[in-house]
Structures are given as structure tokens and as C-alpha cells.
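A short write-up of the structure that comes next.
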Amino acid sequence: MKEINSLECQWESIDDNNDTTILGDDIYFDYIISQLDIHQNWSPDIRLIRYFRKFNKESFDKISDTEYINPSFFQQRDKRFYPLNDDFYHISTGGYGIVFKMDKYVVKFVYEPNKQYSPIDTTAEYTIPKFLYNNLKGDEKKLIVCAWAMGLNYKLTFLHRLYKRVLYMLLLIIQTIDNQRLNIHHFSHKYFLKSFNEKKSDIKFVKLLSYFYPIVVQSNINVINYFTHMFHFFEHEKRANYLYDRGNIIIFPLARFSSDKVTEQMAIELGFKSIVQYVKFIFLQISLLYIKIYELPCCDNFLHVDLKPDNILIFNSDCPITIKFKKYTYVFNEPIKACLNDFDFSQVANILNKKIKNSLKIEHNWYYDFHFFIHTLLRTYPEIESDKEFSDSLEDFIMCCTKNTCEKFRLKVSILHPISFLENLITKNIFSNWINGESC
């Protein structure tokens, strides 16, 4: 595939609704696809109910007392969790994707039910970071997460079928434990969520999952972790009539964690003096990335639209990162780097993103992103207030907020501050640890 370094990116159109296309390295993509059984089917629901009628609370107790426990069925936040093999482990589900970890890969499935978009209209998550990476000339390009491959217009019905199979299994297990009548089609969502959340960390319940998941689900896709997120996604009333038919599969490198997961203790272990110094590090790297993007010809319209700590991923950094800006040289000797991720709603230069047209009704620039970013930083890390100079500098981005100008941290009005506003901030003494190679 031709490198995406031109403002006039051209793509072959997909005329047939069933045609598929792979962007990027098809070796990565073919490997991931080879690990998925996208044609898997299960026996009818009535047979599943008949199977569970053979069990009762006493037989469940016997299984819990005697059977093997698979630690990968604990929740990932549980210290007892351990991935035993290279299965696909569910790590998140949001409004715009279902994400799994598999070995050194992150695999994201995105349903595209909106018929007004062609498959090519949904490629921003691959094309925009690739375009930026190919055009940025310095180490700032290392602060972008680029997908290794993206498959367009693939049939994803298997994932919804898998979710339903696991949901029904969990329902039948819970109903048996609670001495309830077995029923998978008429049940209380509130009852299921409450009961599952109460039981999911119990070792006896995890033993039941260890026993039944291989028998009932028979899949290398483990969705037990954060299953409630998947439940809320698929059962949401606004998706009641979705077909869950086709969408995209995106393959990324695996990060250590998202930036919002770092605690005070973790920050110190990473070599920072405090959590506030870590936040300064994150803020400075992302600010420099934006500034360097805005230096590119025709790129002064760049918008990410969802700039927040959990969309900034932390990767290992094997060598110092050096970024030059005017008379300043910023040097980062830290063992990590902060990389911008999730470009699904982004726009830059002449690479059109139809989704952003429906998302934003008025003109915005970088300030829209940073206004939202500062709000989310202050909410995630209230410790910032302990550093008055840093806190005051960030407050400048949100000091004029009212109900008429800002809703849920997002600007409702067009405020087109020049990028020099951000440039002046990063030259302040609060970032002296990294200016002109002074970091150690």
C-alpha cells in the first residue's frame, strides 16, 4: 500500500457491500484472523437450557469443591487474575469499539451500522495517525500510536453471537445458584447485573466459570473480564434494532497501560518525584506533539476530539526522546513515553472525516481538545492542586467555563485560540526538568 504522507490520499472504493479490504501489514492481520473462529455456531438455546436443568445448587457446590480453577476468569483488576495462554482477553467496551488483548497485540472490533458511511469513510483510526507519523520529522512522531493493520467491512456477527452465548451461560449459572426458574429471554437486567457483580470475585463462582466456559462457549475469546461493559453496549436501548453485521478490525501494538492508570506509587517506581511531575510529563509530551503537528503545512485544523488521559497510552521508551521547538530542546530520558491513541473522530489537513461533521457543529481548533483534556486531567488527578503554578496554568484553559459555553467538559462555542497560547505555556519554568536537556 502507498505510504500515507500525501494530503491527497486516494483509496480504491469498495463497491460491493460484502467486499473487504486490508490497510497496512496483512501479515499481522492474517495472523489475528487465523486465531479467530468467525464462523463458530452453537446449539439452539433450548438445548442449553436443557443442559443446565441437569444441575442444581448441590451439584454446583460439588464442582466448586473439586474442579480446577482457571485464574484467567478472575477480573483483571483482581490480584488472582493470570492469563494462562494466548486467548483473546476482553479489556474494554465503549460506544465505539470492543477491545481485546492477545499476546503482544490489541485487537479492536468496531461495528459500523451507520449506512451513510462507506467502509472507506471509517478509516480515520488508521489513516490519520499514519499520515501524521509519516510527515512529522523528529522524535515527536514516537508519541503517536499507529495501528499495524486495519480490516474494513468484515463480518462481525460472531462477536455478538459469542456475547449472547456467554450471557445465557452466566444467566443460567446465576439462576441455578439463586434457585430461580431458568429463563434466558425474560429476565431483569438489574437482577443480572447485581447478581453477577456480587459473585464475579467469589472463588466458587470462578470455579464454575472455569468448568462451564470451555464446555458451553468453546472459544478462545474470554469476555468474562469487564463483561458488564459489554452487556451495557449490546443491551442498550438505542441499539435495540442493530444488526451487528459488519465493521472493522484494527490491530495495535500493546501498551503497558493508559496514562490514567498511574498512581503515586507507580509514578515513583517509574522514576518521577511525584504524581504531579508525572502529569507534567504527560501534558508536556502531548503539548509538544500538537505544536509540531500545527507546524506542518495545511495541518492547522488538526483535532483529536477525544483527548483525555485514557486515550493516552504509556509505552516503554528505549532511548531518550528529543524534540526541538524554536530555541528550546526538550529531552525526555524517562523509561516511558506518552502516546496519543484513538483517532476515530480525528481530522487533519484534507483527510476528511465524515464522523466529525456530525459530532461538531461549529468550528474548533486545538483549544477544543485541550479544554477537554484539562478538565479530565484535573478530575483524574486532583493532586495537581498541590502545585499552584502548574494548577493555575492549567486553569487558564477553563477559567471562563459556564453552562452556556461548556457542557460535560466540552466547549459549546467556537473559541479559536492561536497555538502560541500553548507554545508560551510549555516554555515556563514548571517544565524546566525537560528544557534544554536538563532532565536526568
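Including glycine, each Cβ sits where the backbone N, Cα and C put it.
As recorded in Swiss-Prot:
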ACT_SITE  Asp306  active site, proton acceptor
BINDING   Ile91, Ser92, Thr93, Gly94, Gly95, Tyr96, Gly97, Ile98, Val99, Lys115  ATP binding site
DOMAIN    85-440  domain 'Protein kinase'
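The most densely surrounded of the binding-site residues Ile91, Val99, judged by C-beta neighbours within 10 angstroms, is Val99. Asp306 (active site, proton acceptor) is 19 Å away from Ile91 (ATP binding site) when you measure Cα to Cα.
On the backbone, the CA of Asp306 (active site, proton acceptor) and the CA of Val99 (ATP binding site) stand 17 Å apart. Fewest other C-beta atoms within 10 Å: among the binding-site residues Gly95, Gly97, that description fits Gly95.
DSSP assigns Gly95 (ATP binding site) to coil in the three-state reduction, placing it in neither a helix nor a strand. Mean pLDDT for the domain 'Protein kinase' (85-440) in this predicted model: 93. Of all Cβ atoms in the shown protein chains, 22 besides its own fall within 10 Å of the Cβ of Thr93 (ATP binding site).
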